[in-house]
Each structure stands twice: as structure tokens, then as C-alpha cells.
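What follows is a short report on a single structure.
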Amino acid sequence: MKRTYLMLALYSSVFIIFGLVFIYSAGISMEARHLGVTASEFLERQLIAFAIGLAGALIIIYMKGSWHFKRAFTVYYPLTLILLVCVLFFADRGGSHRWIYIGSFTLQISEFAKISLLIVLAKYFGGLKKRNFLTTFLIPLGILAPLAMLVFIEPDLSTTGIMVAITFVMMIIGGIKMRYIGLALIFVVVLLLVLYSGGFIEEYQIQRITSFLSSFTGEEHEQVSYSLMAISSGGLTGKGLGMGLVKYYLPVSYSDFIFAVIGEELGLVGLLVLMLAYVGFIRELIDAGLRGSTSLDGKLYIIGFALYIMIQATINIAVNLGL
């Protein structure tokens, strides 16, 4: 297992280096567009956030995994619900209440909610004695529903969808019969239709879902068009660090479209290195879950987390490629 942990640390280092370098590169475009922050200030914020995250990770590593699972329903679940309610009372940004503001820093509680959901479902399925329609389908949906509803009304449709995907993944590895998954998919489609017909899903959210099914024209496709332009112009080896031009036209080049920035500046080679790192990271995580954890809830959590990373990365790359 030492090799697995070493490889996980190596892949994590690759992600950190990629992240910091290209956050700075994207920050150059933000500075040029006079968005109130310089590239150096933007990088400094990320370094502080990285330091806080590293400290938190070390604390979690120091604590035994059983500590978290024992408190899944008594601490993680209720605390997440409380925070998701609290975030609705903070000032909105772009029409959404997704962030809690602490000085110059922001916390997106829905990101914490995804991890909390994984912990709770891993604990639930890890202690499950009987597997039937109620225990593997209805109760997990009941666990998901309050969290997903609060995230949905922020509104954050994409995160809600990922939380649904996380629940389906945990159902599958938790032992649900596959015919129930088909039933769940039908339920989700019907629910979306009901929400849309009732006016709970905004038109722009529907356009984001359907935009990739039509040609690359109109406002909804503008960012994807710029993303494809950036990736294609990068060629095999890219234009060089900081030399990308298309990022100046991408409003969220520092987050949603960072993949395109990497493609333009490091080319196909850089993108392949990054994607191979993701594949390796996910593989090592699954190996750690299968061989490293001694408890069933620990195994379920680690494997579920690995598949969550795969889903999140796949969606981000697909958006950048217009798939």
C-alpha cells in the first residue's frame, strides 16, 4: 500500500502544480480586463486556500476514518443541512445564493455537501443488513432529497445533478438491483419534466442542457466556441505558459474553462498528461479502497469518491469540448 499512497501523493502534486500555474495564467486575463484583481493577488488567494486545504487534509488524515463515519448522521448530515439553509440568506452573486462570505474568501457549501453525502451514504450502505427496494432505493433517495432540494433552490442545477449521480453510484456499489436504477432514471426524467412545467427550472438552465445538442451558434455556445478555438490553436505542444490569447475572451477561464487554457498553452501533450494523471489518480484511489481500507463503509467511501472525481472531471472536460 505504500506505493499506492506514494502515487496518490504524486498525482495530487501534479494537480496542485497545474492548478496554481494556470490559475496565475488565467489571472493575467482577469487583470487585463480590469476585474478588480491582479494575477499576483489571484494567485496569492489560491495559495492561502491551498494552505488551508492542506491543513484540513492533514487533520482529517490524523483522525481515524471511523470517527467520520460514526458521526455521519449526527454531525455531517445535519450540519450540511444547516449550512445549506444559511447560505440562502447570504448576498447573491449572479442571481444565485451559493456562497458564504468570510472576509475576502468564499465557501461554496454545495461542494461540502457532495462530500458529506458520500460519507453518509457510505455509512448507510456499509451497515446495511437487508437489501431490497426500500433499503437500497427509497431510503437513499430520502437521504438525498433534502440536500438536493436545498442546492436546487440556490439555484445550482449542475451540482444537484452531480449529487444525484453520486447517489446512483453509491446505490450501485452498495448492492442495488439494476432494475431499480432504471426506475430511478425514469423518476429523474419525470421529476425534471414536472419541475420545468411548473416553472421551477429556468429557461437558461434548460438551454444549457440542450445547447450541446444543436449547432455552435448563439450566445449559449459562445464560451464553448472559444474553448474549442483555444484547444485547437494550441496544437501539439501549445503556445507556451502565459501566452494564450483566447482566455481573454472566456469569462470563467480560471474555473469552468481552465481545461481550454491548458490546451492552448501546453497543447495536446499537456492535456494528455493531465488526463493520464486523472486516470492514474482514480485507479490508485480505487486500489486504496479495495486493499487499504479494512471497513466496508471506508471501502465504499473511497471507491465512491474516486468515481465522483471521475464524473466531475468528465463533465468539465466534456463541457470544454462541447460534447
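The backbone N, Cα and C atoms fix where each Cβ goes, and this holds for glycine too.
Pulled from TrEMBL, these are the features on record:
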- 5-26: transmembrane segment (TRANSMEM)
- 46-63: transmembrane segment (TRANSMEM)
- 75-93: transmembrane segment (TRANSMEM)
- 99-121: transmembrane segment (TRANSMEM)
- 133-153: transmembrane segment (TRANSMEM)
- 159-176: transmembrane segment (TRANSMEM)
- 183-201: transmembrane segment (TRANSMEM)
- 257-279: transmembrane segment (TRANSMEM)
- 300-319: transmembrane segment (TRANSMEM)
Long-range environment of the transmembrane segment (133-153) - Cβ separation under 8 angstroms, sequence gap at least 6:
77, 80-81, 84-85, 88, 110, 113, 116-117, 120-121, 124-125, 159-160, 163-164, 167, 170-171, 174-177, 180, 183-184, 200
Below 8 angstroms Cβ to Cβ, which residues of this chain, lying six or more residues outside the transmembrane segment (5-26), approach it?
39-40, 42-43, 46-47, 50, 241-242, 244, 247, 253-254, 258, 261-262, 265, 273-274, 277-278, 280-281, 284-285, 288, 292
Long-range Cβ neighbours of the transmembrane segment (159-176) (under 8 Å; 6 or more residues past either end):
110-111, 113-114, 117-118, 121-122, 124-125, 128, 131, 136-137, 140-141, 143-144, 147-148, 151-152, 184, 188, 300, 303-304, 307-308, 311-312, 315
Tell me, please, if the transmembrane segment (99-121) and the transmembrane segment (257-279) are in contact, taking contact as 3+ Cβ pairs under 8 Å between residues separated by 6 or more positions?
no
Under 8 Å between C-beta atoms and at least six residues away from its ends: which parts of the chain pack against the transmembrane segment (257-279)?
11, 14-15, 18-19, 22-23, 25-26, 223, 226-228, 230-231, 233-247, 250, 309-310, 313, 316-317, 319-320
